[in-house]
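*Asks:* Below is one structure. I have some questions about it.
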Amino acid sequence: MPRRRQRHMAGSGSDGTEDSDSSAEREQTNSSESDGNMPKRQRLTRASTRLSQSSQDTPDLKRAADHDESPPLTPTGNAPSSESELDISSPNASHDESQAKDQANRDSDKDLSHRPKRRRCHETYNFNMKCPTPGCNSLGHLTGKHERHFAVSGCPLYHNLSADECKVKAISREKQEEEVKGQEESNSRHATRHQTPTSKQSRYKEQVAEIRKGRNSGLQKEQKEKHMEHRQTHSNTREPLLENITSEYDLELFRKAQARASEDLEKLRIQGQITEGSNMIKTILFGRYELDTWYHSPYPEEYARLGRLYVCEFCLKYMKSQTILRRHMAKCVWKHPPGDEVYRKGAISVFEVDGKKNKIYCQNLCLLAKLFLDHKTLYYDVEPFLFYVMTEADNTGCHLVGYFSKEKNSFLNYNVSCILTMPQYMRQGFGKMLIDFSYLLSKVEEKVGSPERPLSDLGLISYRSYWKEVLLRYMYNFQGKEISIKEISQETAVNPVDIVSTLQSLQMLKYWKGKHLVLKRQDLIDEWKAKEIKRGNSNKTIDPSSLKWTPPKGT
């Protein structure tokens, strides 16, 4: 019985080969058996030899049989029901048959190597889906690079375009990208790293400024009626009309960003990382706001597949339905974040929350932030971090405005690891307040700080604006003759690298006679001062005297 099982395995192996040592052992075993079984064995040997020869005469059938993973067939054409029905041949015949199988397998491998590979299931699942936009046939794609789409993010009809228009726009974008790429290759990297913008770049900047100034200040009556009619007809099933709202240049930039985001989502969908409609939270109900999400966040699957999440704005617990949220709010005793209130001025407060002491709250805060941040990767390992949560108070409680986190012990002196302003509070000055508060903590610690890289797109814009404002304010108040980057860094707690990059962008740094000189551009300073006067005494500033905080000791 053991010998028969080994015989069958050698014949149906994946590579069709047989070990020579085991074959030799079988030869010695067979020669030592009794002579009484010889007539029967000789008859079986002759029968198997004839079968072996017939199989060599029909190599095509042999190849198909070798690559079929089903059990070997008996002379009746059925799969063998027991081991006794398998062919038992002599070692010599077995060796000949194994050689024939080797050759057949090699030939079949050559044939199979030229066959096209079968596509994965997740690349073809979309053909069973349909775009959710009413009246759409799923043809075309916003990027102009795909023949079909299955999500609103790639639907031309939702974006008030046709498939042909998307293809034309894609061709023009590719031409522009090729031109820009050619210009970048023609310019040496080292030649432009520390130089001012070229004349061509300056002219382009002036043209863009003229285009933006020349746009209409508002919509005309007919245009307003058209926009309102479109909104009443299609409601939320179509994108609002964007023409004449801003300049053509800015609208084209927005269209490019839409196409690029749609292409990134399409790649993630093909790779199987996200599935539209089943693992993507579209909206969250947060306090009195309903917020559209921007990115995927790794909430538990039973919550993520709902598409809409209900979050308590005080304890940040997430729930599945409006009813559960209403019951939770009736018994939730939280009215502000946990931790210590380290800053208060007017209605604005900042709470210091330790990730080790309030782990659940900080994890929920990170999951919420990931819905609006692209580069965030920290969700659950919150213990090494401190979270500074900014709130705005009213008679119902302290409402979450934004937050930033920082490591308790940062080797590179990062004063911010992650920073977010909630969408309903954006473009109101709260982002700068969070950044200013992080540098205020660095000043108290007597350290020079810098945000951790990479920054998100909105984070980079906010930081560049903040660094520009800090430097211009310092220049306005500076009365000396010689200025030092080191002195600026010590007074503002901004990293010297960030100061140099900001001075270069403002064209206030010049290399002359082997030295770097800081130029005091009075036009930029006057422009900043005029904006400060126009802004007036805003309450969107951090008052150092309202800070009640001491640096944490070895945590």
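Just so it is clear, glycine is given a Cβ too, placed from its N, Cα and C backbone atoms.
Sharing the feature lines straight out of TrEMBL:
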type	residues	note
ACT_SITE	GLU452	active site, proton donor/acceptor
COMPBIAS	45-58	compositional bias 'Polar residues'
COMPBIAS	59-70	compositional bias 'Basic and acidic residues'
COMPBIAS	75-93	compositional bias 'Polar residues'
COMPBIAS	94-114	compositional bias 'Basic and acidic residues'
COMPBIAS	177-188	compositional bias 'Basic and acidic residues'
COMPBIAS	203-213	compositional bias 'Basic and acidic residues'
COMPBIAS	221-238	compositional bias 'Basic and acidic residues'
DOMAIN	276-551	domain 'MYST-type HAT'
REGION	1-119	region 'Disordered'
REGION	177-238	region 'Disordered'
*Asks:* Taking 10 A as the limit, how many CB atoms besides its own sit near the CB of GLU452 (active site, proton donor/acceptor)?
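*Replies:* Neighbour count, Cβ to Cβ under the 10 Å cut-off: 17.
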*Asks:* State the residues, same chain only, that lie 6 or more residues beyond the ends of the compositional bias 'Basic and acidic residues' (221-238) and have a CB under 8 A from a CB inside it; answer 'none' if no residue qualifies.
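*Replies:* Beyond its ends, the compositional bias 'Basic and acidic residues' (221-238) has Cβ neighbours at 133-134, 157-158, 160, 244.
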*Asks:* Can you give me the average pLDDT across the domain 'MYST-type HAT' (276-551), rounded to a whole number?
*Replies:* 90
